[in-house]
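K.L.:
Handing you this structure, nothing more for now.
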Amino acid sequence: MLPADSPLLEGLNDRQAQAVTSQAGALLIVAGAGSGKTSVLTRRIAGLIASKTAWPSQILAITFTNKAAGEMRERVAALVGEASQGMWISTFHSACVRILRTEAERFGYTKAFTIYDSGDQRALIKRLIRDHGADRLGLTPASVSGKMSRLKNELVDVDSYRGQVRESDPNDVAFYQLWSDYQAELARSQAFDFDDLIVHTVQLFRAFPEVAAVYRRRFRHILVDEYQDTNHAQYALIRELTQAVSPEQVPESAPPHERENGLEAPALTVVGDSDQSIYAFRGADIRNIVEFERDFPGAEVILLEQNYRSKQTILDAANAVISQNFDRKAKNLFSELGAGDKIQGFTGYSQHDEAQFVADEIGKLIDEGYRYQDIAVFYRTNAQTRAMEDVFIRQALPYRIIGGTKFYERAEIKDLLAYLHAIANPADALAVRRILNTPKRGIGPATEATLVAHAEQAGITLSQALTEVDQMGLGPKVTGAISELSQLLIELRSTLDSATAAETLKAVIDRTGYRTLLERSNDPQDLARVENVDELLGVASEFSRGNQDGGLVEFLTEVSLVAAADELDDSGGTVSLMTLHTAKGLEFDAVFVTGVEEELLPHRMSANEPGGLAEERRLFYVGMTRAKNKLHLSLAMSRQTFGEAMVCAPSRFLREIPEELMQWRDSGLGDRALTAPRTSLEREPRSLPRPPREKNTQWANRIDTVVRDNSEMELAVGDRITHDDFGPGTISALTGAGPKRVAEVRFDQVGKKRLLVKIAPISLTPGV
DNA sequence: ATTCTATGTATTTTT
DNA sequence: TACATAGAAT
């Protein structure tokens with residue numbers, strides 16, 4: 001028991017302190033946005049250690065992202081020091097990988113199994129659909145993987161699905177066939193997809209009670225963050241881990257009292273907020289949190305409603321929005337941080353106009369003393385980044401996109417990782433297929449088919465088939481190329497014990513000539529690819545340095561499980577751009593929620609789904625509650641959606657915010673301005689003014705394809721210039737050099753802006 | 001087998 | 001718009 005004057009309770013309110021010290025076997029902490037739940041969670045863990053209630057090794061804490069795990073580990077370490085080393089603090093997926101690697105041999109897998117990410121999964125399903133001719137039936141990789149994932153999240157496996165196939169439905173029959181082949185190929189390749197990691201761990205515990213007992217005895221305190229976003233499979237995993245251990249399951253080596261009485265169920269603490277549940281589309285089941293008290297009789301529930309993050313105005317607006325969701329437990333966040341500024345609303349003509357507003361406001365915030373890393377821009381879809389990037393680049397505004405087209409999804413990265421996968425796990429057929437002709441070795445589909453057929457016939461892996469290539473009667477050129485590849489794989493496998501991941505990667509790059517080929521290429525994009533290759537090498541070196549005992553398999557695991565939010569580093573002085581989903585769990589001094597329009601937020605795709613609108617509203621709520629001081633909500637009246645301009649209407653969510661909390665503006669370029677979105681809501685969308693024509697062509701090109709190059713332009717403070725969009729202005733400052741030269745211009749009509757000189761559409765005004 | 005060109009189709013969110 | 005795929009040319 002923690003003493004009342006423990007430093008771990010310092011500065012906590014009563015409810016928080018209660019959450020830290022509770023002895024309940026099952027504890028639900030309903031933590032509203034910004035209510036200090038990470039503090040509570042970390043201090044609770046530290047308290048368990050300090051009061052000798054638990055050893056570090058008895059603690060399992062589950063977070064949503066690796067970044068959150070890292071942060072939690074750091075904060076726990078700050079409280080308890082070295083002791084944090086022995087704890088498991090990780091995501092569901094990482095924890096499952098660790099368990100599965102340990103127990104792999106028990107169920108006929110190798111420790112070095114591969115994890116197939118969504119891209120790998122897609123590629124495999126696509127091939128299977130083609131092989132089955134299932135595209136005729138309208139099955140797509142997306143629909144198949146979606147359905148598979150939904151079933152897996154409900155713990156339905158292929159074998160049990162077989163019984164419920166509707167034989168009269170050719171679509172369903174084909175789906176079953178595909179799924180069954182998919183799992184067979186995964187098993188042959190010694191691979192798991194994301195969902196399988198959870199499902200197989202649950203199945204492992206159910207099939208081997210003695211294994212389950214090992215982990216139930218080991219983890220005496222389990223803590224789960226973001227519980228509202230757990231799906232049924234994850235719920236089942238938690239249930240498996242929180243069972244009591246009967247005397248029969250206790251090993252001989254255990255202390256006598258345990259052998260006699262068994263062991264009571266481990267203690268469970270979950271933290272969550274049903275108002276922030278935004279992953280239903282991925283199988284998250286809100287009932288897990290809503291029905292917690294029923295699931296765990298005698299559970300204690302603690303509600304944290306005091307918000308330590310945001311100004312009251314922001315909370316009032318957020319509360320007003322979320323209260324529109326019916327069937328929700330009443331909860332009202334309050335803050336003692338003062339009312340703060342009104343929420344700034346902005347209506348632009350186009351997405352570029354909107355982006356320009358965001359850039360201008362960021363400029364003002366910087367002048368007020370905000371730092372770039374204190375500012376974030378959120379959007380509903382990744383496609384919205386384009387306009388933002390265009391404007392940000394032109395204004396030399398340092399930004400970083402979190403998530404989006406991820407580094408590890410790039411072709412060159414996947415190529416090199418496929419080599420590593422093929423080396424670490426020779427059974428991985430997908431990886432071998434990928435590298436077969438990368439870089440180009442003159443091996444086409446015909447040769448690939450021959451190799452696969454040989455492997456199948458002989459009942460060997462594809463890697464083994466490569467070694468038998470000379471028995472296949474292929475041409476001398478092809479045979480030579482394949483045995484060379486085979487040699488390389490064998491050789492690098494043999495050095496696995498002594499070589500680091502970085503060394504193996506380096507060897508792959510050198511021996512295949514991958515980097516050299518990119519360098520010699522005359523495709524300008526290949527230059528960027530060389531940089532990516534080097535970056536991957538850097539990542540591997542860093543990993544090998546930081547994880548002395550971690551080898552190739554560990555490196556590949558880490559790489560496979562990175563999440564979007566993990567990319568966020570607080571060190572850099574950049575504005576962060578991310579989707580609303582990625583924003584969950586983060587906070588920023590100033591936040592821009594962009595594209596607050598019908599069809600986008602709420603997204604049109606959500607309209608058909610049951611509960612879709614409520615989830616969109618929660619998403620908006622999550623975005624709003626990330627802001628500490630300043631919240632901006634913006635929208636555009638028209639938006640380019642695949643090539644075509646679409647007229648947009650303001651989001652219904654904006655109507656849910658009390659008028660007096662907001663201050664609306666528009667771009668003020670002439671008489672086409674909207675007065676307020678309230679007015680425009682009543683207006684027919686079609687009658688909305690169209691954005692000026694020239695503007696579209698102006699921004700149509702992406703920045704890197706623009707031919708303009710002002711690098712020769714000689715500018716000085718005080719010079720008068722004219723900008724195509726902003727009109728005449730005077731240069732007030734110049735910074736940076738060469739292609740990075742930035743001019744600060746005071747425009748006569750639109751105020752101060754920063755421009756990247758090299759690409760700005762400006763000309764010197766003569767005669768001044 | 002590879003590379004170039006034309007055509008069609010698709011964008012929600014992600015561990 | 002832009003990306004992926006299919007078809008044609010080399």
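FYI, residue positions are counted from 1 along the chain as it appears here.
Every residue gets a Cβ built from N, Cα and C, even glycine.
Look at TrEMBL and you will find A:Ala31, A:Gly32, A:Ala33, A:Gly34, A:Ser35, A:Gly36, A:Lys37, A:Thr38 tagged as ATP binding site. What TrEMBL lists as compositional bias 'Basic and acidic residues' is A:680-695. Per TrEMBL, domain 'UvrD-like helicase ATP-binding' is recorded for A:10-311. What TrEMBL records for A:312-585 is domain 'UvrD-like helicase C-terminal'. Sequence annotations record features per position, and here TrEMBL assigns region 'Disordered' to A:668-695.
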K.L.:
Fewest other C-beta atoms within 10 angstroms of its own C-beta: which of the binding-site residues A:Ser35, A:Thr38 fits that?
P.N.:
A:Thr38
K.L.:
In sequence order, what residues of the same chain, 6+ apart, have a Cβ less than 8 Å from the Cβ of A:Gly34 (ATP binding site)?
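P.N.:
Same-chain residues close to A:Gly34 (ATP binding site) (Cβ under 8 Å, separated by 6 or more) are A:Asn307, A:Tyr308, A:Arg309, A:Ser310, A:Leu333, A:Ser335, A:Glu587, A:Thr625.
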K.L.:
For the recorded ATP site, enumerate neighbouring residues of the same chain (Cβ within 8 Å of the Cβ centroid of A:Ala31, A:Gly32, A:Ala33, A:Gly34, A:Ser35, A:Gly36, A:Lys37, A:Thr38, site residues themselves excluded), in sequence order.
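P.N.:
The answer, listed by sequence position, is A:Val40, A:Asp273, A:Leu304, A:Asn307, A:Tyr308, A:Arg309.
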K.L.:
Most Cβ neighbours within 10 Å: which of the binding-site residues A:Gly32, A:Gly36 is it?
P.N.:
A:Gly32
K.L.:
As a test of the contact definition, list every same-chain residue at least 6 positions from A:Ala31 (ATP binding site) whose Cβ is closer than 8 Å to its Cβ.
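P.N.:
Listed in sequence order: A:Lys37, A:Val40, A:Val271, A:Gly272, A:Asp273, A:Leu304.
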K.L.:
Which three-state DSSP class does A:Lys37 (ATP binding site) fall into?
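P.N.:
It is helical.
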K.L.:
By the DSSP assignment reduced to helix, strand and coil, which category contains A:Gly32 (ATP binding site)?
P.N.:
coil
K.L.:
Counting Cβ neighbours within 10 Å across all chains shown, tell me which of the binding-site residues A:Ala33, A:Lys37 comes out on top.
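P.N.:
By the 10 Å Cβ neighbour count, A:Ala33 comes out on top.
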K.L.:
On average, what pLDDT score does this prediction assign to the domain 'UvrD-like helicase C-terminal' (A:312-585)?
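P.N.:
Summarising the domain 'UvrD-like helicase C-terminal' (A:312-585) by its mean pLDDT gives 88.
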